[in-house]
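Novice: Got a structure here, written out as structure tokens. Questions coming.
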């Protein structure tokens, strides 16, 4: 049913409008009377539970940052079967992001190009919303992805990130430090070790014991990935999230003119899968066994998720395929994981 809805209705809508429609519907799910039905239909099998970051995740499969920037649909996403939700990216100051249009589908590639620019309502508002969710027993694990406020100079980035961390860490299950979005000028430069060390040290201290992970780009050289893994280990971080979106447009099936018309931005979805898997393997070799590695990028099926777990991922996230697979995506992945494991 959803593929028909996507082909005939959603694919003809502006992608950002379609996203708002879907996320609003998910946000309303818990209060609609259908939430308990959804939970009964989509609850992950207990055999899928994962212990990581000092937490119990009901499934290894969760929602990547970007889908629910302001934590408005967390409970609904949990009721759809996701084991965790990474909200954000949130910045210390509220900001509108880049001008629209800023989200583009590449349907032939099951991919998306975005240049959203960290549009969000700010860390203080997010913290207030999460504070109200903390006591809910039916909530999923909630990570908070923090980034740099666009108006803040790179030289002042540490103080900006620390401000966000202090606001959201008390109400987060873990923090993800986003230094890898291509849509905020100067942000990816923070992945350079001499800049990353003081940033991560300060955020770790501000988090006051809440697990901290750093999210990296797929466009790093292998040696750079290894150096970041070494730094994360040295600083006692909980782990690494890999990867964010890519600037590459190589090997796409979509007409080149369509891709060019979309313009600048990060590409996510199926084309990212090979590099995301490569980076995962590098990280798993470079990090201690106890470090958490969250793999994201090009994940769509249960087989994709299991392949990441087999390659050493602790947890797996997805987002782009949600647009193409619809609201029962997590249920399908979780059921598929159970089937795969029963045949082994």
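Cβ from N, Cα, C; glycine included.
According to Swiss-Prot:
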BINDING   65, 66, 67, 68, 69, 89, 145, 178, 215, 243, 269, 298, 319, 320  FMN binding site
BINDING   69, 114, 115, 116, 117, 118, 178, 183, 244, 245  substrate binding site
ACT_SITE  181  active site, nucleophile
Novice: What are the sequence-distant neighbours of residue 65 (FMN binding site), meaning same chain, six or more residues apart, C-beta distance under 8 angstroms?
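Specialist: Same-chain residues close to residue 65 (FMN binding site) (Cβ under 8 Å, separated by 6 or more) are 86, 87, 88, 89, 143, 145, 176, 178, 215, 319.
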Novice: Let me make sure I understand the span of the substrate site: among 69, 114, 115, 116, 117, 118, 178, 183, 244, 245, what is the greatest distance between any two Cα atoms, in Å?
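Specialist: Across 69, 114, 115, 116, 117, 118, 178, 183, 244, 245, the widest Cα separation comes out at 16 Å.
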Novice: Return the member of 67, 181, 269 nearest to residue 115 (substrate binding site) in space, with distance defined Cα to Cα and candidates limited to these recorded positions.
Specialist: 181
Novice: Using a 10 Å cut-off between Cα atoms, which of these recorded positions sit near residue 244 (substrate binding site): 67, 69, 181?
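Specialist: Near residue 244 (substrate binding site), where near means Cα within 10 Å, the recorded positions are 181.
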Novice: Can you name the binding-site residues among 67, 69, 269 whose CA is within 10 A of the CA of residue 117 (substrate binding site)?
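Specialist: Hits: none.
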Novice: Show which residues of the chain containing the residue listed as 'active site, nucleophile', separated from it by at least 6 in sequence, have their CB under 8 Å from its CB.
Specialist: 89, 118, 147, 187, 188, 244, 245, 266
Novice: Express in Å, rounded to the nearest integer, the largest CA to CA distance found among the FMN-binding residues 65, 66, 67, 68, 69, 89, 145, 178, 215, 243, 269, 298, 319, 320 named in the record.
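Specialist: That value is 20 Å for the farthest Cα pair.
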Novice: Let me spell it out: for each of the binding-site residues (69, 115, 215), count the other Cβ atoms within 10 Å of that residue's Cβ, using every protein chain shown. Which one has the most?
Specialist: 215
Novice: Tell me, how many other CB atoms lie within 10 A of the CB of residue 319 (FMN binding site), whichever protein chain they belong to?
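Specialist: Step by step: centre on the Cβ of residue 319 (FMN binding site), count other Cβ atoms within 10 Å, giving 22.
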